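What follows is a single structure, written as structure tokens, with notes after it.
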């Protein structure tokens, strides 16, 4: 038994000799003074004799009773008592005050417009460990309790919480709202929102009322999300075999919101771009993102809220499941979107991150609350999702679970050794690359840990190998449990009478990319797959996987860029460029540093790859075209602008000037606007800044968050360093919400990376103070540092941050520096490729010919400009 409060200092987790059963909370936010006061009566169960109660609190004042010791660095308070507390139940009562901060965490304020007046709303964001900034509590997911909330708010405002209001009393300018008691839940899921809102509502087939709340005047933009929510709840009810647990579901758009959304039980909060959709003002990609985000957050009502991970080490149980299930739901609701293909595109982000030495396992040991935010990344979301199978909800409803609990349930139901297989994937970081080699009629396989720096780590996995040969009709599946393995190809393909392979023979491993690993084929197998691509024998998922694996292997210096460019040529007749556009842009960027003399020719090769489909789709939407074509048009036009395709840039500028005169022109709908904005910024400089000023004017005039994000993502893309510097400074003004900083950071041009680094050093103290959360501060580091590609710059960055590192961004800094060094080594490798300048395609195409084609195309473009006259100026 502890004798002093000091014994609790520096502990990773709270002691378990006392735990909460029920919170009775009363909160009174002051939206003018930006403060709040509160009172808590907590039913506590003491399970072992103690003189102390230890719980979490941060940034709270006037705590009573006064016998409290606070350790601010650990965000805990220790309450001492004169005598030992007996085992049993008691009530702990406390009063406290706090600040409605502007940091988008804890209990905070968000600015919004209502009737032409700027106002504050009060909002909570408690995940991962910020409920303690609102009220003293046991702020760990395993300490589930019931919550009874009471709010005192201005009588004219809407006050929402997790549960429905059961009573409301008005006393002059204030009203008191009493809410129904919640079921057992973790503190990070408690939610409160107070402000002026409109709403629309509907009901599920079981009668659960669902509402979407928006700023006044925007409720029509919530209709699409409302429809997705109602249908998702009905789907999940049947799929999980468990009804939605609460009597209502509210979803609300918040103007200032650090994440995309938050799954608070019964009151899901979103940034506006993730919830609102307008048929006229939003793009197809916006619509799809709203659907996926809503489905993701509602999946959490089961995965995360009803069944909650025991500790943040098991975060993937929340996020991996919700990611997988959200795509399942959207595929069910919108089968025409081909959503699983795009899920694969999302999963590649997990592969890229997990190929870093500074990655982490799916399960991460968390030793301090400040480390939790850093693991909300593609490993927990996307790698976790690829192995998310669900059937343990009923067993752990209203409780907590660990990864081992899931494996135990799956083993019991399947009779398979799930734990042994899956432990290799969740307990160690990284994933394997499978080296495939044909030796006669034997397919020899060897696994090694894949790392983007080209080294080979010590990891070993039980790998689920799927394979097909010549067609998808016969497939071979087995577990590669050892370092090496062997397959006889006659097991899954027919050989000719003399035992020889078909001339069009090909083998594809990891069918439809269902496994979380990469494949490196020997030259014979790679050639066969290139022929299969040209002959359109492969599924879209496999075509995406092959090029993504080849790109990653090139970065890791396991194959040459020359061979990668030859592979890309096999896709020249491909109509879906979902992954190709990403690969093309990455090759283009690295070529600027690696081969500046060939950079223009390489860009033209890539342009020629994308251009035929872009011309077929054109800038204008066609009657009856698919959702995928609409999204593909935007993707290709943006890629062509970034690659410097003159005709696309000129057409974008022409349409932009028409748009300036008529904001409703059909020549520049929401789907192609980003491409036009980027085209305008490619021509902006300090001596020709009209395009920059015009975009700022649109930004200031629009009230639509999605339009604002498009503009912010374009402002820093100018090749002029001074314009980039100006855009970064604009980000520091009151005109840009802190939540939107990542748009400007993500748009920084290659030419502007050096001035961006200078800017970051000059403003670091202010940035750290203004964007304190891990995810937001990591955006600054990742977006600026990762653009470099030299060992010298990595050393310079390391030197700057020496003595400045904090746990909240330490992982992001290490990963960014690793990316810089990986790029530096890749450049050295590319520079040693003697054949790169003579790369030829099967039809005799070469880099020099690409330059000639660009000259011809420029001449055609100039003739077209003469025919239609110069663009209209405003």
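Placed from the backbone N, Cα and C atoms, the Cβ positions cover glycine too.
Record features (TrEMBL):
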DOMAIN    20-189  domain 'Aminopeptidase N-like N-terminal'
DOMAIN    224-425  domain 'Peptidase M1 membrane alanine aminopeptidase'
BINDING   296, 300, 319  Zn(2+) binding site
ACT_SITE  297  active site, proton acceptor
SITE      381  site 'Transition state stabilizer'
DOMAIN    506-821  domain 'ERAP1-like C-terminal'
REGION    853-874  region 'Disordered'
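For residue 319 (Zn(2+) binding site) paired with the residue listed as 'active site, proton acceptor', the C-alpha to C-alpha distance reads 10 Å. Within the group of binding-site residues (296, 300), the Cβ with the highest number of other Cβ atoms inside 10 Å belongs to 296. Taking the Cβ of the residue listed as 'active site, proton acceptor' as reference, residues of its chain lying under 8 Å away and at least six apart in sequence are, in sequence order, 251, 261, 262, 263, 268, 270, 322. Within the model, the domain 'Aminopeptidase N-like N-terminal' (20-189) carries an average pLDDT of 93. Within 10 Å of the C-beta of residue 319 (Zn(2+) binding site) we count 27 further C-beta atoms, all protein chains included.
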